Amino acid sequence: MANNSSYGENVRRKSHTPSAIVIGSGFAGIAAANALRNASFEVVLLESRDRIGGRIHTDYSFGFPVDLGASWLHGVCEENPLAPIIGRLGLPLYRTSGDDSVLFDHDLESYALYDTKGHQVPQELVEKIGKVFETILEETGKLREETKEDISIAKAIAIVMERNPHLRQEGIAHDVLQWYLCRMEGWFATDADAISLQGWDQEVLLPGGHGLMVRGYRPVINTLAKGLDIRLGHRVVEIVRHRNRVEVTVSSGKTFVADAAVIAVPLGVLKANTIKFEPRLPEWKEEAIRELSVGVENKIILHFSEVFWPNVEFLGVVSSTTYGCSYFLNLHKATGHPVLVYMPAGRLACDIEKLSDEAAAQFAFSQLKKILPNAAEPIHYLVSHWGSDENTLGSYTFDGVGKPRDLYEKLRIPVDNLFFAGEATSVQYTGTVHGAFSTGLMAAEECRMRVLERFRELDMLEMCHPAMGEQTATVSVPLLISRL
């Protein structure tokens, strides 16, 4: 394709070929570009990084794949829109939980908890407090029905404790309860005092539990990206919309022109106002961007020469506060490799991002030493920085206190010939890969309909849905699910 200063306008004028620019190559952007390409659009995808995937980032520097970003398929079932692709590629999944609950064990079925002195907490106590935590959350549901005013889940729990003294815990039992709350904070990528009581359990959960992508998500994103015109290192700085075209300018000064654009950048980037819109977006759209909340969860991945820890899904350190708690995902069970993943969220994750990678890895290892004092030093490590990375500025969206859920839909709704996609635009599946994927398909379909309606050629093309061309054949290949 010619490297000219404008894209799409001349093609449209000469041949009436519909054109679109997609901004962002995460799952939403790749899905949208793939769908539009399959609908016979001329498509260019602009990506600010030197790689595709966005918050999908499979790293191979250890000699095997590990995901620094999203790694779970939430909803291991045929209903998951990603299941057909994963099944056809023959990618194995390791089911970490058959339970689709988010109450306290959304992605783990076995775990070993320790106090800060390295003493393992009796499993009977761990299970007992898990049930107490579930009861507490059920009681917060009753509290929600009493008032229309939204409060944080932390405040709601405090009220429940005050009303139900028998649910209060002391000593090590209190610390275990804090660990469960810490796990809940990890699900939302923020602290409990920022999680909405009204909205925390309103997402739609697909059946089938949760599965780790054993070989990472990169094979899926690479498959969807095959054959697309992707321009890496193209950071969008301005989007100008006209009645019949969109002009997108990147940091080098080059401008691309097309009939429409799909904006699939993370919510954090939109909130930072690093992309100028001309004319400005409507107030209701700016409000959605401003009011929606984005959290931070990171991974510090420690690679060891051998396994020296218990054969459980999670290792955890309990503490008197959620900030002092920690947990490690044991990748050895899923992949066979001696790897532990430390996963801080919220304020702790932001504080750790201020450290160097070496210091962050050392901090994670110090948490492990609390569990296993004789732990061997890691031979390699990887550290994510989703909160401070200028290409993301956050991990994923969560329900903030006092914020209406219609903000997700407001963020999704098109503005003229601008269409929006990404996990933050998914009303049902916020914060998930399949949510991002689905919104990309939705934005592509809306874009197709608008552009072709303007061309008065609605019958010209027939778009497969979910727009993957021959990749979405009716033949269904079962998912490869294991428990080691």
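Note: Cβ is positioned from N, Cα and C throughout, glycine not excepted.
The following features are taken from Swiss-Prot:
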BINDING   GLU47, ARG55, VAL236, GLU423  FAD binding site
Can you tell which of GLU47, GLU423 has the most other C-beta atoms within 10 Å, given these are the binding-site residues?
GLU423
Greatest inter-residue Cα distance in Å for the FAD-binding set GLU47, ARG55, VAL236, GLU423:
20
State the count of C-beta atoms found within 10 angstroms of the C-beta of ARG55 (FAD binding site), not counting that atom itself.
24
Cβ neighbours within the same chain of VAL236 (FAD binding site) - under 8 Å, at least six residues apart:
ILE23, LEU46, SER48, VAL248, THR249, VAL250, SER251, VAL265, ILE275
If you run the three-state DSSP split on GLU47 (FAD binding site), which class comes out?
coil
DSSP secondary structure for ARG55 (FAD binding site), reduced to helix/strand/coil, please.
coil
